[in-house]
Each structure stands twice: as structure tokens, then as C-alpha cells.
Amino acid sequence: MKLLLENIKELVQVEDDPVLFRSGKQMAKLNTIKDAFLIIRDEVIQDFGTMSHLKDVYRDDDFLIEIDCRDRLVYPSYCDSHTHLVFPAPREKEFVDRVRGLSYEEIARRGGGILNSSKILQKTSDEELYYDAMSRVMEIIKTGTGAVEIKSGYGLSTKEEIRMLKIIRWIKETAPVCIRSTFLGAHAIPAEYKNNPSGYVDVIINEMIPQVAAEELADFIDVFCDKGFFSVEDTERILMAGIKYGLRPKIHANELGLTGGVQVGVKYHALSVDHLEHMGVNEIECLKDTETMPTVLPGAAFFLGMRLSPVREMIEAGLPVALASDYNPGSSPSGNMNFISSLGCINYKMMPEEVINATTINSAYAMGISDRLGSIARGKIANLFITSEVPGIEYLPYSFGSNLVETVILNGEVQEH
Ligand code: NIG
Ligand code: FE
């Protein structure tokens, strides 16, 4: 199987020498090739370059499929490194309550929020959870996502957490995108442990983690380390137990306060610390020169009207930044990475080049796949999208709310609409 994309107006995020992520000033750098070609063989990117080079080198090659990309841009697929897209039902009633003035935390205290989703999950069949989640996966594929991390965390009991992870595995086996799975037993304290939160932490450590590991159900382990959820001490206990079983941390940190989440993430070599609405000098300092990707979730801050993560300060301090959707029913009911890109520019004052790095190579790093996805490089998996006719890269974040993704290619195959 050999596929040729030719006359590409601009081939975006090209790497001759692949990097694992871009940080600081490097984030404003974006390699592109104008008037380009790209060849896909089987599932991988075989070659790319300028059209004149194509004519010199590949004159006699016959390609099974040729796509004329005149006036169009070609991007590596977005990598969405933080979602909760397996959930039993949307929570639009809570949305209306918030419009009326209740806060997200207030709604959670009244039995809404994560605990509400958890209650409904128990009554939802495997098939229903799977098909609903798959339709969300198919929806985000249309807006350019080619890799997605999915968390458990609405189970909140050993049986239900394992069931959620098995549904994520089912999606992994059947969806055309790359899926990473994260065990998030520590998403909220279940009602029956309200007065004994450390009892629930014991269940996570003694029952859930060993079973998750024995059945190889997760790539990562997550904890919602924040005010009113899991303390730094709880988080340390859970992460240590997870690491013992080979589960690398990726944690929810500093959404609700300066709670020490960032520091604990860095201490346990988390692959990413996510949310980061509350960041002080110490948090920024502590992330410097580490293997932990600061990940910002603009959809959640937008939807909940939260304070914004100081992305400019982080980049000026030399840190890398990734952006992800946080697709979930309570705080970000959308997995549209084009919209996330617009929010990156509009709300966080990121340049279009920075946003592209944050949603491709850096977010690929944040889900442990930047060696095979997240950029246009020889040998990488051919997950990419072709835009409709657009003037240039700025046009995508500029056109918030539009979907300018015209053709999606996953594992070297053109996807049907
Ligand atoms: O990332 N912060 C914690 N968890 C999710 C929200 C999940 C929900 O409300 O259902 C988040 O925003
Ligand atoms: Fe989240």
C-alpha cells in the first residue's frame, strides 16, 4: 500500500531529527515545507520533501492512491493526552445549575459531579458505555485527533474501575486511533468513605492497583491531588504503590489551589501534571529540567469560568507546555482540539506555532508516544489530517468553532466521513 499526497501547500510540523518535545523558546519554532509531497507506505510515513524533489526521485513510482492537496495544509494528527471520554451520561442539568450561579464544587457537594456520574455508571451496561464512548472517539477523529488518552475514574469501586478499564481496552482494540489508558481510581472519595478517606486509599492500593496491574489494564496511574479531593500524602501513597507495579504517574494537579500537586508529580517522575490553574514561582521552578510535561486544559477553564493557567510565564521560564481537551461530562464536554487551539491563542496568548507544538509533539510526549506520533517524521505512524483550502496555519485557531479538517488519514488509511 503506497499513498502519495502531492502539491501540499504547506506540510506542518516536520522533523528530520525527531525531538521528544519542545520547550521554552523552541515552542515558537515550527518546521514546515511549502509545496510539499508526502509518501505513506503501509502504516508509516516513508518520505516527504518539496515537489521538485519528488519529481527527481520518484518519477517512475506508481502509487495506489494519489491525493492532490493543492491549497491545503497537512498536519500530524492532534494527540489529546487527557480525557475522561468513557462516561455513562452527560450532565447538562448541572450546566444549567452553574448558569444559575452554583459552583462546580457546590454541585459536587450536593451529590452531583463525579459521584453522580459514578452512580449512573453502575446502572449502565458495558455495551452502552462502549458504544457511547466509541461515538465520541469517532466524533473527535473528524476534528483531527489521532491519539487519545482515556481515564477510568467513574467506577470508584474495584469492580467498576476494572470494568471501566476493560471498556477502554475494548476501545483500544477496535478504534483506529492510538489509545492510552489511565487508571484513575483516585478521582473522588466515594460517599461510603466520606468519613474515612484513607480507607478508600487503602482499597486503591491493596485491591485496585494489584488487579489493574495483573490484567495489564492501564498504561498510567492518575490521582486528583487537590483541595477537597486527595491530599499530597494520599497521592504519595497511591503513586508509590502504582510505581511498584510499573504504572507511571500522570496527575491532576493545582486546579483548585496551590496544593503541592505539581511538586509531588515531579517527585515521582510523573509524565505530566495537568490543569495547573494555580501556579506560583515554586511550581514553575520545580518543573524546570524535569521529565514532567506541564499540561493545560483550556476547555475546562473555559467551561467552568476558572482562572487561567499562566501559560506565558511557564513558556518564558523555559518550560514546555502541552494542551489537551479534558473531554468529560462535568467540566469540558468537548474533545474538539481545534477549539482547544483557538482557546490557547485567545485566552492564553499562545502563538499559533506554540499551539501546534502543544497539541501535537508535546501532548504526544504527555501520553508517552512522541517517538511514534506527534510530528511528520520518517518512520512515524501516518496519522495526519488534510485541511480544506486555507491561507495558512493561523487560520485554524482563528476560525474557532469551524471544522477545517477535510480528510483524515489514520495508520496510513484514508478515513471515510
Ligand atoms: O479533569 N478535575 C477532575 N476531574 C475532571 C472532571 C470530571 C467530571 O466532572 O466528571 C476534570 O476536570
Ligand atoms: Fe481531567
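Backbone N, Cα and C define each Cβ position, glycine as well.
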Which of these, Asp16, Asp326, does TrEMBL say binds Fe(3+) at the same site as His82, His84, His252?
Asp326
According to TrEMBL, Asn328, Gly330 bind N-formimidoyl-L-glutamate; which of Tyr130, Tyr131, Tyr154, Tyr193 is also listed for that site?
Tyr154
Per TrEMBL, which one of Ser23, Ser325, Ser331, Ser334 shares the 4-imidazolone-5-propanoate site with Arg91, Tyr154, His187, Glu255?
Ser331
Count the Cβ atoms, other than its own, that fall within 10 Å of the Cβ of His252 (Zn(2+) binding site), considering every protein chain shown.
29
Identify which of the binding-site residues His82, His84, Arg91, His187 has its Cβ surrounded by the largest number of other Cβ atoms within 10 Å, counting every protein chain shown.
His82
Ligand 2 is in the model; which of the binding-site residues Arg91, Tyr154, Glu255, Ser331 have a C-beta less than 6 angstroms from one of its atoms?
none
Cα separation, His187 (4-imidazolone-5-propanoate binding site) to His84 (Zn(2+) binding site) (Å, whole number):
11
Which of Glu255, Asp326 has the fewest nearby Cβ atoms, counting only those within 10 Å, among these binding-site residues?
Glu255
